[in-house]
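Here is the structure we will look at, set down as structure tokens.
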Amino acid sequence: MMDIDTSYSTPRKAHDKENHTPANSPTKLVLHTSPLQKPRPYAQNVKLHNNISQLQPANALLPLDFQSKANTAKTKRLTSVAQLYFLDYYCDMFDYVILRHERARIVENKLQTDPQYAGNLQRQQLEWRNYVGRERAFLRKRRLKPKHRDFEMITQVGQGGYGQVFLARKKDTREVCALKILNKKLLVKLDETRHVLTERDILTNTRLPWLVKLLYAFQDPEKVYLAMEFVPGGDFRTLLNNTGYLVPPHARFYVAEMFAANFLIDQKGHIKLTDFGLAAGTVSNDRIESMRVKLASLQDIENYQAPSKMMYERQQLFRQSQGHHNLANSIVGSPDYMALEVLEGKNYNFTIDYWSLGCMLFEALCGYPPFSGLKQDETYYNLKNWKTALRRPQTRDGRYVFSDRTWQLIVRLIALPLSRLRNFKQVQSQPYFADIQDWDNLRLRPPPFTPQLDNEEDAGYFDDFEDEESMAKYKDVFARQEQNETLLETARGGGRRSNLNFIGFTFKHKLNPNNKFPKWGNKSLGRRALKETAFWWQLIEPVGYSLLDF
Amino acid sequence: MSFFQNFNTHSLRTTRGFKLKPGSAISSPQPANTTVFPPLPKDQLLPQESPFNEQNNAFLTINNTTNIVQNVTSHRDIRSYAEQTLGSDNALINAVKLPRDEDVNEWLAVHVVDFYNQINMLYGTITEFCSPQTCPRMIATEEYEYLWQESASSAGGNIALKKPISLPACEYVENLMNWIQNFFDNDNIFPTKIGAPFPQQFPSLIKTIFKRLLRIYAHIYCHHFHEISELGLQSHLNTSLKHYVLFSNEFDLISRKDYGPLEDLIQTMLKT
């Protein structure tokens, strides 16, 4: 009798959208097949109710600012995280109790009936002790939160202003993952906490084949850690970088997937596109603000010159301009892919992602994003004058690089908000995608590129962080990290003690090998934890660990 | 807030300096050296002499019954799920029982961590409503105030207890949670290696932790129940407390005198 509120009728609908308790959860099974609970005895409710009433101070009313406080992003997030947590916790806890009971019964039964043990008291005791020991070890594992020292680092695969990404292996389960480590104080200082929490919430509440799976999330006093499924193929950016550009069918392949991914996420409802991915929401407000200032501060130039439409010239320029283009976060938070209205501080909606996708399609096909210039200023000018700057690339002999239908799609994506494509249906019906019959089964198609991997620890598709030459392109990132750290050191004098405990952060995925009771002979332990997955779709950069700077 | 500077129970917090610059060898952090028990700060319960006690409570009963429990329609399925699950056949009573031949310390350990997390979640949702302005003291009704006592090591390594102080509820809660977290992080108290034993003092430490965690429930029930119920979390709170008291009752972790203002509520919960 825990609840005092019976003022509404209990809905019967099973809750199954957001939690990850395995489908075979005995708790759920019992719940979903059992008839509705009898209403609680009235007297009991009243009693509990009175007990609580007596505790309330005189004239207690909700504080006047209750609604405004209750509606803060922080409270809303914590409330739903808490609700989810309790649901998950009790499912899990009862599962444990039921299954443990079951296991004990099986062992007891075996000791009675199996001729190996029946009648042999010593053997029975030994076997029972064995079983109890395994239960105890299992129980201990349930208690433990993941810690940094549970992971051995294999190699670094990413670097950003807030921290690093490592290819790592969880020692006990042997799971290989990408471990993203971020500095808490920096996140707090630069007001980025929300982004990390959003990322964590999205990854724990959503299961889409397009999203990198979150395996563990945890923290210690200084850092937060997100251990994610390792996507060995590298990201889209790295792919483009290695190949220069893609042949049209391959580009179509990936672009179709990106649209489909966006659509699915959109469909789910609880994720707004602008929360992550390519859209502005994942980019720090500071970052956008500085881009806005930059854009606004551009002097009007008398005779703006649109960039060349000659593909090879632009490719060359783009390669030369790599200095201001750091690869680690070039897609997210770079003016190259950002719709103009975002940087103008105007209202915008999810279609800004379509703009970004248009820019990526453009780049995928010819090797440079549409507004790229030699200097960053040029990029801003091009963006500001995007209508003239967006030019259909041509080869030396005057032929167009893009087919008509490709160009037709691009100009419906890189377009004024009102004439931009607005939904997935519109996207699907574009002639560019005419060859794609089955949008539902995109992931079944053979990928144009399959990473060649030596083993599950192969990070060959990522930049080598031991290699100085390949690190040159991260110059900006390292510079920013240093800048951030200086910022922290100067701030340290302030002495204000801030609470750096992120509530509602820790997460262990339900399929983690520690969550399964070891079978006889420990067979299920040490087994490769990561499912064999097709790698091709993972090339697309969703919310992955390459987006270090949000 | 100068006392934070000398707050010594934090001294054993594990620090993992892990900074990897390009070129440096990849390394995993070393386990922190945590071989000493952090001293137990002793906080005290001060039953205050209040002239109004009796009347006050009686008055409240009449006054407040109507506006406390209503509303809450969001997350219906979660609610009903929790209710149905927990209401059925006293599932919780069975769930807290020690499985045959299980080590009682292991059972206590896993549960204290779970309850800690639950309270952390619940209190987390009302952090906006529990500030030094709204709750300048850690009280549960006007009758009970919980004082915080920190300890400072003197030069000789002896643990000196400082004078118990009155703290805003939020700071008290934070101190308490940090204090507990330090035990959790200490491998000698909450062993992580398979087969490593619990220390001898473990059961008595668990009792202390349980006694103190109950104060957070008490503060929430007495001063933030409105907010909790408006946020749609009252069944979660009730479930959590019921689970908590059933567990502590099963293993005799909290003595009745420590129930404080929650005495009646707990008795009701235990009877169901």
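Every residue, even glycine, has its Cβ placed from backbone N, Cα and C.
For B:Cys130, B:Cys135, B:His219, B:His224, the entry in TrEMBL reads Zn(2+) binding site.
A map of TrEMBL features onto the structure.
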| residue | record | DSSP class |
| --- | --- | --- |
| B:Cys130 | Zn(2+) binding site | coil |
| B:Cys135 | Zn(2+) binding site | coil |
| B:His219 | Zn(2+) binding site | helix |
| B:His224 | Zn(2+) binding site | coil |
Worksheet item: Tell me which residues of the chain lie with their Cβ under 8 angstroms from that of B:Cys135 (Zn(2+) binding site), as long as they are six or more apart in sequence?
Response: B:Pro168, B:Ala169, B:Cys170, B:His219, B:His223
Worksheet item: Using an 8 Å cut-off from the Cβ centroid of B:Cys130, B:Cys135, B:His219, B:His224, can you name the remaining same-chain residues around the Zn(2+) site, in sequence order?
Response: B:Ile126, B:Phe129, B:Thr134, B:Ala169, B:Cys170, B:Ile220, B:His223
Worksheet, complete the sentence: Least crowded of the binding-site residues B:His219, B:His224, counting other Cβ atoms within 10 Å of each Cβ, is B:His224
Worksheet item: Once near-sequence residues are set aside, which residues in the chain of B:Cys130 (Zn(2+) binding site), 6 or more away, have Cβ atoms under 8 Å from its Cβ?
Response: B:Tyr123, B:Ala169, B:Cys170, B:Val173, B:His219, B:His223, B:His224
